[in-house]
């Protein structure tokens, strides 16, 4: 079986991005561009992958880790020079080598597989992946002879007027006989408009040597979209987003408006889940089956189990167990865990807290650094006061307890099972099982005090107007 290798070119500075972030690390649907390329290449069961890095090498290595080896291109002298930097790692190996660019995130594993198969079937030393472009400006042109054989690849800046009219373009992806590739790379020259060593020049070298050079024209030009600036990044993101959304819909997920639904590449969604417009699902989020994700919700790196309803809320690094619900306008912060069939209502914030099964936190409440048991009712306006200005403190509320509205729970306290907190209390001590905690001043009614305040005059005027109606 023929060995398969790959070289990913990721050394370009990407000055047109006008960014501090290394170009190939700009994300497309939640994953850096170069990671998209590596992931699709990996699906072809490669024997070894080398990524050529330059500016920002450490950041690329941190992102991709040990999934690939690395070669450094210290000076940017062209694509041919970049590939040559991998010679120490691959130069003596027999087999086929795929070359792809780290700023082309839309290529699929299937396209790479088809290129490998076509290359083998033609017995070629080099095969370039081409595409038909209605507007080929900026791309290298595939120049064929009268019988259709590839003679050379000409870059835009070096093309004659006639060559510039050719619409078959170089996608920047190749398959080579590995040893033949590195032998030819030592023969290319930099006598061109850019003064660089172009990888495509090896094609002409092979032709002059009488070796087989092939071209495989892919069906979908869209895959070949490279990213050199923010506009191209936006266009690539649109294509990837459409691809993700259509795949989910084929798997039984309902997207009310796919054009306004933003789902990252690693997100998983179960069947019969309904996603409304304006939703953003990011990172490693997992959504179960039969869920409802309401308009303008944003969910990041969270687990949403089957049957959960999320209404216009923000959830990050949290877990919602099956048949629970949240919203509208609530916020689950990191390490929030919402139990089965629990209810988190509107304008509620939960941070680093566990909410038990069937527990209800209806509205206008903050729950931080707390463990709440099952079947608890937390009244409106309750605040779990967890921070003393230096340290965070934990509160525990036992099963079947009741927290009255407008209560302040000053951590650290333990409220036992079957305990009751009277509305309006500020709780600073533990409450035992079956006890009620009440901490508020007694009501005192001041006779005639209403008439002492300015509101009394306003009320008198309103009352007179009401009589005239």
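Each residue's number is its place along the chain shown, starting with 1.
Even glycines carry a Cβ here, placed using N, Cα and C.
The structure displayed is predicted, hence computed values, not measured ones.
Per Swiss-Prot, the acetyl-CoA site holds 386, 387, 405, 423; the candidate it also names there, chosen from 374, 440, is 440.
Within 10 Å of residue 103 (Mg(2+) binding site), judged by CA to CA distance, lie the following recorded positions from the set 9, 23, 333, 363: 9, 23. Listed in sequence order, the residues of the same chain lying 6 or more apart from residue 333 (UDP-N-acetyl-alpha-D-glucosamine binding site) and placing their CB within less than 8 Å of its CB are 316, 317, 318, 349, 350, 351, 352. Among the recorded positions 228, 363, 405, 440, the residue whose Cα lies closest in space to that of residue 23 (UDP-N-acetyl-alpha-D-glucosamine binding site) is 228. In space, 387 is the closest of the recorded positions 363, 387, 405, 423, 440 to residue 78 (UDP-N-acetyl-alpha-D-glucosamine binding site), judged by Cα positions.
You'll find the Cα of residue 140 (UDP-N-acetyl-alpha-D-glucosamine binding site) roughly 15 Å from the Cα of residue 228 (Mg(2+) binding site).
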